[in-house]
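Below: one structure, written as structure tokens.
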Amino acid sequence: MTIYKDARNGRITEEMKKIAEVEGVDPEFVRRGLAAGRIVLLRNLKRADRVKTVAVGEGMLTKVNANIGTSNTLIDVNMEVEKAKIAKKYGADTVMDLSTGGNLDVIRRKIMEAAEPLPLGTVPIYQAFMDVATRKGAGLYMTEDDILNTIEKHLKDGVDFMTLHAALTRDLAAKAVKSDRAEPIVSRGGSILAAWMLEHGKENPLLSNFDYILEMFKEYDAVISLGDSLRPGALEDAHDEYHLSELMVNARLVKRAREAGVQVMLEGPGHVPLDRVVADVKLAKRLTEGAPYYILGPLVTDIAAGYDHIAGAIGGAIAAAHGADFLCYVTPAEHLNLPNPEQVREGVIAFRIAAHAADIVKYPDRAMKVDIEMGRCRGRLDWECMIRLSLDPDKAREIRNQYGPTSIKSCNMCGSLCVFLLLDKWRRKKDEELHAPLA
């Protein structure tokens with residue numbers, strides 16, 4: 001029995017009670033959200049006792065994912081393990097292993113161990129393609145069984161959610177490749193599947209075998225994350241016919257997953273102009289009847305190379321404030337290189353800021369308590385309190401101490417002109433005058 005089926009049957013389980021406790025909502029609210037497919041729980045039954053309770057969807061606090069993993073030109077397992085630990089330390093809710101180089105089974109298991117208790121996601125088509133490339137000399141020799149067996153292997157390992165690019169049809173792939181899009185296909189998984197379909201003249205195996213895949217996910221009660229192969233990789237491609245056509249297919253797949261009793265969420269772009277971010281979220285929610293929306297950024301400009309974590313956090317904050325549920329971080333290395341550990345930290349913090357800013361809008365009673373406390377700490381110049389409440393206490397302390405200790409209670413920005421010190425001095429003076437003895 002999946003948690004979705006339990007919820008549909010009106011049963012409030014211990015896991016639902018735990019979600020309610022973590023999120024600060026009523027268990028019945030959680031049950032109704034799960035039953036409607038508007039909330040998912042990111043945990044594979046194989047790891048149910050080892051994974052933190054992370055629920056995504058309507059009424060849940062906005063979650064942040066950190067992508068890590070090797071490339072086939074830079075294989076440093078120790079660095080990826082360090083990235084997993086950094087993502088966990090600085091507050092990511094989940095980690096995805098996107099490795100494409102090295103022994104992918106070993107790497108996935110090491111990252112899973114390092115990231116625990118965070119849920120782990122993967123994109124199994126990467127391993128299916130790379131393993132066949134290693135064995136046979138070219139990834140396009142992979143068969144449908146290679147893909148399905150890789151998915152099953154990841155499920156058996158305890159992977160909690162997987163991106164499946166099932167909505168990229170053969171027809172859409174052929175049209176996109178010949179289109180005048182700025183960037184026809186920017187999804188790695190999508191490009192692999194497009195090349196495979198065009199080479200073999202067959203339909204997308206993730207789509208043609210979708211019912212079988214649903215049965216596999218149902219057994220482990222893991223979550224399918226429906227990938228968007230034709231997401232816009234440039235602002236000018238946002239919401240074009242290819243992007244929206246794939247979204248329509250994904251909406252139908254959401255319905256099929258729900259009918260099969262499988263938890264499912266939808267992935268979104270990408271690169272979207274600022275004035276279209278809200279419309280993007282509302283459209284996705286409308287077409288999927290409120291499926292949890294997992295969005296990459298979105299980046300609101302294409303020219304922020306080196307600062308794409310900022311461009312993405314701007315879009316992410318707007319998207320989440322208007323209903324996106326799950327933000328996939330972007331690092332400063334986006335579009336330029338494999339991120340290093342420090343860039344992973346910067347990406348996590350940027351998107352935690354975005355998620356928290358959105359939650360203040362969506363759930364002020366739950367989210368704003370810490371901001372209220374921070375304001376009080378600042379008002380009394382309680383530096384230890386300010387640092388403790390910061391999203392990145394290490395960074396806050398580093399900057400606070402960057403010129404060494406100050407001789408006064410304020411900081412070096414204002415010195416003796418600190419607004420709080422000035423007002424405090426004035427108040428004390430007035431108080432002394434008020435209580436001075438009469439002449």
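Even glycines carry a Cβ here, placed using N, Cα and C.
When the candidates Asn67, Asn72, Asn337 are compared with the substrate site entry in Swiss-Prot, which names Met96, Tyr126, His165, Ser187, Arg188, Gly189, Asp228, Ser229, Leu230, Arg231, Glu267, Tyr294, the shared residue is Asn67. Annotation for His335 (Zn(2+) binding site): spatial neighbours Ala305, Asp308, criterion Cβ-Cβ under 8 Å with sequence separation of six or more.
Most buried of the binding-site residues Cys411, Cys414, Cys418, judged by other Cβ atoms within 10 Å, is Cys418. Applying an 8 A CB threshold to same-chain residues 6+ apart, the list for Ser229 (substrate binding site) reads His165, Ala167, Leu168, Ala173, Ile185, Ser187, Gly189, Gly190, Ser191, Leu193, Ala194, Glu246. Comparing C-alpha positions, His271 (Zn(2+) binding site) sits nearest to Arg231 among the binding-site residues Asn67, Arg231, Tyr294, Cys414, Cys418. Counted within 10 Å of its Cβ, the other Cβ atoms near Ser187 (substrate binding site) come to 24, all protein chains included. Annotation for the binding-site residues Tyr126, Tyr294: lowest Cβ count within 10 Å of the residue's own Cβ, Tyr126.
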